[in-house]
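Summarising the annotation, Swiss-Prot assigns transmembrane segment to 8-28. Summarising the annotation, Swiss-Prot assigns N-methylphenylalanine to F8. For C63-C106, the entry in Swiss-Prot reads disulfide bond.
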Amino acid sequence: MKSLQKGFTLIELMIVVAIIGILAAFAIPAYNDYIARTQVSEGVSLADGLKIRIADNLQDGKCTSEGDPASGEVGNTDMGKYALATIEGTPDANLAGLTPKDPNGCKVKIEYGKGTAGDNISPLIKGQMLVLNQLVNGSYDKDSSSTVKPKFLPKALKEATP
């Protein structure tokens, strides 16, 4: 009487390994892009938090302030896990004559890789910079000096960029 063999043949196992390899070839780059996009979004969130500081500073006719952390004042920067956001620029002298979608002269520069966990940042955006112009209506538009690739930007910034 012949015994029945159980299990997979070598060719079946090789086919499964090949299929897993093909799937990984697509999944790993997509996952790396996803990580980079989430880290860029963290920097944009930092910039959103700076909007109120810019509005307060504009009341004094400037974009930046000399904050004293010892007295409870906040400065021109916000640091996140992967990025450092800094307020820069000089307000336009003719703010009253601008339309809501015109830049007001204030900018937020986001530097990736300078956060508290900067060593763990995606290599796709490490050392990259995103510069956002604040518009009169308070929203942001991407500046042409930005080095972050457009595919990593949040949808709102992609649509706002000409």
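Glycine residues also receive a Cβ, built from the backbone N, Cα and C atoms like all the rest.
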C-alpha spacing of F8 (N-methylphenylalanine) relative to C106 (disulfide bond), in angstrom:
66
Residue among the disulfide-bonded residues C63, C106 whose Cβ has the most other Cβ atoms within 10 Å:
C106
Return only the integer: C-alpha distance in Å from F8 (N-methylphenylalanine) to C63 (disulfide bond).
69
Neighbour count (Cβ, 10 Å) for the residue listed as 'N-methylphenylalanine':
10
